[in-house]
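Per TrEMBL, the features are:
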COMPBIAS  178-193  compositional bias 'Basic residues'
COMPBIAS  202-212  compositional bias 'Polar residues'
DOMAIN    8-152  domain 'MoaB/Mog'
DOMAIN    409-550  domain 'MoaB/Mog'
REGION    159-222  region 'Disordered'
Amino acid sequence: MTSAIRVGILTVSDTSSSKPKADRSGPLLRDTLAAVGWNVVDTAITSDDPKQISKALLKWTDIEELDVIVTTGGTGFGVRDNTPEVVKSLLDKDAPGITHLLMSTSLKYTPFAALSRPVCGVRGKSIILTLPGSPKACKENIECVLDILPHAVELTRGGSGSGLHNKMQQSSEDNIKSHHHHHHHHPKAHTCTHKSDEVVRDSTTGNLSNPLNAPVTRRHRQSPYPMITVEEGNALIEKYTQPLETEIKEVDDKLIGYVIAEKVTAREPVPGYRASIVDGYAVKAQDGPGSYPVVTSSVAGSSDAFTLQSGQISRITTGGMIPDGADAIVMVEDTELQETSDDGKQEKIVKILAQVQVGENVREIGCDTPIGHTIAETGDIITSVGGEIGVLSSVGIRSISVYRKPRVGVLSTGNEVVDHTNTVDLRPGQIRDSNRPTLLAAIGAAGFEAIDLGIVGDHIDDLEQKLKLSLDSVDVLITTGGVSMGEMDLLKPILEQKMGATIHFGRVRMKPGKPTTFATVNSKLVFALPGNPVSANVTFYLFVMPALRKMAGMPNFKLPVMQVKLSHSIKLDARPEYHRAIGKVQPNQSHIIVTSTGVQQSSRILSMVGANCLLELPASSTEQTQLEAGTFLNGIIIGPPVFSV
């Protein structure tokens, strides 16, 4: 193609037509297309009025003869959504294949895409596409057609399309089909001459990863995995993560951290007898103040029973069983000793100084926990505070049904990785493994069973065997390293091509942790985390920890997010960033004050030392390049706050 593609972008919106600054999709499309070298000749905004839409489109198709016209907005079910109908009335030819591509792409991200009504086709020499009004949906849709539109434009300009036909023939012979070109990374305009290093999807298997038997010259130069947001990644993980089966556990200290899987009611009342709240004397309230003989005593643990008569009192300790006939307890502080036994060791006559009411200082049977009372519900967590174990024990519950906790395996990969306990000096090019110990500690501290799977080198057969053996013994497999774009990054190809895994995502728009990968092998979850220590740690808390909590049956499985206050300014990155910080609670402050842990390089594990919070920093923009001191923002809590004195 000898000249750049000429494009017009039309925003259809009643709101944006009166308030142009409200239009976010139009500028996004302009920037995206300009970044790949297309010539955005004109942009416009109209209301949802069909006549205005038609007038703008006809100017670009019939007068200016633009190559591509992209509309955004007005494609839904709203009363004023008219864009598809207007475009249909103008088309000379439909393009159902492009329409299907737009719809199928959107449905990968949300089922609500079914409520969009895209229309695509040709009028004269102009290709018209209707995209949704959402900026996110616009970006997804325009990126999915960037690869095919140049070929379509070549044909509408009168070309033969031979370049495309030759490419299709070559692809068929190579048994490879091209997809996902991510042209927004290329500074030059798309041309019809395709290079041999383009990203390809296997036409037979549908795999995106590099073929394991291909030479390094055939490896991908751009990641074939769509870039998704952290929120989209967590939604996918949540979709494929379910609570594990239940099991019966004894009520003891080993129950801490488990989630109860049944409604539990009290088998016994607490207390199981009428008990005294204080040290004192059991009396009949109607007897009132006066001097009375002490006929017996009741201490906690005693089961001796007798009936108290009017004119008598009984000495009693806290928790002691109240004798029949007594209906109140007088505290020892409200009495005087008047007479003792001959040897002086026993109380004989005690004077009651206070008038008590019936039931005063008395714990009736079941007043704390009546029999049959619900003491736990499904989803309740046994905490380390001890209350849950205490109440279960108090009512005679010896075992309960809980959700099984996941067994989590941690495997480090890489020829350069050496166990941190190795006493031999490192050779050039070697590094000590900090990922495995860090993740094992975090998993154990969260109350889950952590399995140390060791280190495996970057060898296809070794990796395959280790992964298969590991998945036989764990519910969740965490690997670190081998997920980026290097020739020895083998995790994704092995998972797809050797183990039949489904890779649900392989790239996330975040810093750190961009190449984070989530896959499933049957019902087992695989989190292939980046090799950089901080990236592995941060992505563990963002993606793995919520999944483990959900598998363990926790209803609120997401990590808590709180509004925190910056103590200093922070520069923003081009990607959304999860900045490590230390949150402190200051005296007389109602919020957490956060301070950065310093340099945030993804290899610098020092940035995790003391961190108890991941600050959710937005991506930088022309309007905002940094957050100022005093700014309130969301912080994901990964550890207890520090209390400043």
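Using the three backbone atoms N, Cα and C, a Cβ is placed for every residue, glycine included.
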**Prompt:** Quick one: DSSP breakdown of the domain 'MoaB/Mog' (409-550) into helix, strand and coil?
**Reply:** 50 helix, 39 strand, 53 coil
**Item:** Helix, strand and coil counts within the domain 'MoaB/Mog' (8-152) (DSSP)
**Value:** 75 helix, 30 strand, 40 coil
**Request:** Take every residue in the domain 'MoaB/Mog' (8-152), average their pLDDT values, and give the whole-number result.
**Result:** 92
